[in-house]
């Protein structure tokens, strides 16, 4: 029997975290190619360290996207994040680009030809999850860990009061107490943030960030019992890639559900939407969110599995965690009928062949508001009526 009273913790990292800098750059490259050629293929990895950025990977796209243009976009991304420090500066960092053509062996398995539909770009398993414990149908710990950092980043970049003294690199962690299976209280709050003023100590930083943290959390969640850990090492001036080397794809739990749901292991950033690590994970979230939004369950986990070069998923698995109002086996059948879960079908339905990915690189790929230009389309709940009708 599932526990109903427990503590659960999730963490988030800011857009200035070294790994997130790399995710942002990799997705900036993806967007640059998709803007010129919606069918472009990319697998782009980025490394960032002290005043050096290395971009490498495989590309099939137009020659109009030059390395000079990619360097310009990379510097603009780093500038937007806020890095203008001696050890990592958008203007002075060395940018090296090593992109080459996609493997023909991979392309032949993925490309559509004759009667063969477009196949998956790789094998793998992908999970989607939704829960009714927040308005965004996301687990509360990761949802609020993201919100804290996003609000602080907005204040820092907008130079709002004392928040202007903060740097781009930050991490948050929220421990939530559940009672009767519902989130009711934040028992522990961890916030480490870079600061530009070397005279600031932990108390000084807490004075800056605490109002934003309290505003981000539900009003009753912060109590006299809540334990705070703000910059517990005392000083955090050297940050970002100058303090720790960053790599694309190292924050896959931050990107998804904060550990509250399984993860298939594949990262998202730097990949075009033919790669099911990304597109099928988005589709699984889309399905799970619509299941919960339709009132068919309070929680839903969906797994999809693929083989390279094969169009249709090998399996669909649904777990409603004992909260369902419909048989899981029936739902598994219906989900495969109401949405074409081939790579092409997912990309077409969700409109994924667009430059919409740089914005996903920080503060979570899920639990976001859909954008008018098609960004975060997998967060829509437009399958609710179709689901209900198919199950009637």
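Cβ atoms are placed via backbone N, Cα and C, with glycine included.
The ATP binding site annotation in Swiss-Prot covers 17, 169, 170, 171, 235, 236, 244, 250, 251, 267, 271 and is backed by sequence analysis. If you take the C-beta of residue 170 (ATP binding site) and look for same-chain residues 6 or more apart in sequence within under 8 angstroms, you find 13, 14, 16, 17, 149, 152, 153, 191, 192, 193, 194.
Feature annotation from Swiss-Prot assigns Mg(2+) binding site to 19. In the three-state DSSP scheme, residue 19 (Mg(2+) binding site) is classed as helix. For residue 19 (Mg(2+) binding site), applying a Cβ distance below 8 Å and a minimum sequence separation of six or more within one chain yields 13, 246, 247, 248, 249, 250, 251.
Residues or ranges marked as K(+) binding site by Swiss-Prot: 45. For residue 45 (K(+) binding site), the count of additional Cβ atoms within 10 Å of its Cβ stands at 20 [all protein chains shown]. The DSSP secondary structure for residue 45 (K(+) binding site) is strand.
Under DSSP, residue 58 (L-methionine binding site) is assigned to a strand (E or B) in the three-state scheme. Less than 8 angstroms from the CB of residue 58 (L-methionine binding site) sit 41, 42, 43, 44, 99, 100, 101, 102, 103, each of them six or more residues away in the same chain. Here Swiss-Prot flags 58, 102, 244, 275 as L-methionine binding site.
The region 'Flexible loop' annotation in Swiss-Prot covers 102-112.
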Densest Cβ neighbourhood among 17, 235 (binding-site residues), 10 Å radius: 17
Cα-Cα distance maximum in Å, computed over every pair in 58, 102, 244, 275 that the record assigns to L-methionine: 30
Neighbourhood of residue 275 (L-methionine binding site), C-beta criterion under 8 angstroms, separation at least six: 43, 121, 122
Largest inter-residue Cα distance among 17, 169, 170, 171, 235, 236, 244, 250, 251, 267, 271 [record-listed ATP binders, Å]: 36
Intrachain C-beta neighbours of residue 244 (ATP binding site), sequence separation six or more, cut-off 8 angstroms: 18
